[in-house]
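Chemist: I am attaching a structure below and will ask some questions about it afterwards.
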Amino acid sequence: MAMHKNPSSTSMSGLDIAGSFFAPIQQAAPPSPTKRHIKISIVGAGNVGMAIAQTLLTQDLADELALVDALPDKLRGEMLDLQHAAAFLPRTKIVASTDYSVTTASDLCIVTAGARQISGESRLNLLQRNVSLFKKIIPPLVQYSPDAILMIVSNPVDVLTYIAWKLSGFPSNRVIGSGTNLDSSRFRFLIADHLDVNAQDVQAYIIGEHGDSSVALWSSISVGGVPILSFLEKRQIAYEKETLVKIHKEVINCAYEVIQLKGYTSWAVGYSVANLAWSILRDQRRIHPVSVLAKGFHDIDDGEVFLSLPAQLGRGGVLGVINVPISDEEADHLRRSAKTILEVQEQLGV
């Protein structure tokens, strides 16, 4: 099904209205070729994929948005629903197809598709099915957009980002997992709520695996530029480590609570991924904790593994990883996080 050839799907599509409606001015030059056409493709039109699409559209980031999904009716419905909002949004061409050729010449390809867990199915079996799915997704994306940046959102994001990197043959800077960017946002919110300050004034990172073995970098947290833990120690203000552990556990449980209440998470993921897309495509060079090739950082040398580290993002993808100071305990937890992911990769035989 290739619905992208007729994106408007209106009864007037056979008429060349634009050619007769607008008269050219005299001595005009053709449009400048220097304006960059930005195209984003999203694979997976489920709750997460559509939340990302909706958020991207409101941010006026892309000139063209392409949607790909295996379910043609749902895909066409989502495309039309977004197109019908055109009068309320910045101008963006929206196309959709089950055929990956619709993604041709994308600047950024976002993958949200993933196999659903069957009742009683083991985590390893689910992962193996996701690997099989990625073998059908990544190669055509690479074929049609060889210069694109791949962003993986599907879970487990760290392992699947590694799989995508291997399948794509891309340099590591052009394959990024959404990682703990959202976890870190939740972390900042909880700290801000605890201290009664604005979350934008809190600098705090969750790194490592996007999951239960993630690492909270308490040693580098600052509020308004003031390092919190050292401030408390200098003022001899007592704090309980259990309080810190409790806040980190809340971060981990946030997603589970949302899933329990509404069945899935979508909006926060949409804003998180759109935030990453903006930093990349607008070459903002901002620091985000995202899943990157972590070998060589913080003595992670046992194998090739993707996990979240504070990375600078720009038009080239990952421009570098910030060498944030971490405590010995945090470094130990990070290496254990890496070991957990490596063990899963070994079980998969990848």
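The backbone N, Cα and C atoms fix where each Cβ goes, and this holds for glycine too.
A TrEMBL annotation is a machine prediction, not a hand-curated record.
The active site, proton acceptor feature in TrEMBL is assigned to H210. Residues annotated as NAD(+) binding site in TrEMBL: G44, A45, G46, N47, V48, G49, D69, N130, V153, S154, N155. Annotation source TrEMBL lists domain 'Lactate/malate dehydrogenase N-terminal' at 38-177. Among the features that TrEMBL reports, domain 'Lactate/malate dehydrogenase C-terminal' is placed at 180-344.
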Chemist: Just the number: how many Å between the Cα atoms of G46 (NAD(+) binding site) and H210 (active site, proton acceptor)?
Modeler: 21
Chemist: Roughly how many Å separate the Cα of V153 (NAD(+) binding site) from that of H210 (active site, proton acceptor), to the nearest whole number?
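Modeler: About 11 Å separate the Cα atoms of these two residues.
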Chemist: So what sits near H210 (active site, proton acceptor) in its own chain, CB-to-CB under 8 Å and at least six residues off in sequence?
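Modeler: In sequence order, the residues whose Cβ lies under 8 Å from that of H210 (active site, proton acceptor) (at least 6 apart) are N155, P156, V157, D158, G177, S178, G179, T180, D183, S291, S308.
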Chemist: Please give the NAD(+) site's span as the largest CA-CA distance among G44, A45, G46, N47, V48, G49, D69, N130, V153, S154, N155, to the nearest whole angstrom.
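Modeler: 18 Å is the greatest Cα spacing among the residues binding NAD(+).
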Chemist: Count the Cβ atoms, other than its own, that fall within 10 Å of the Cβ of D69 (NAD(+) binding site), considering every protein chain shown.
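Modeler: Around the Cβ of D69 (NAD(+) binding site), 23 other Cβ atoms lie within 10 Å.
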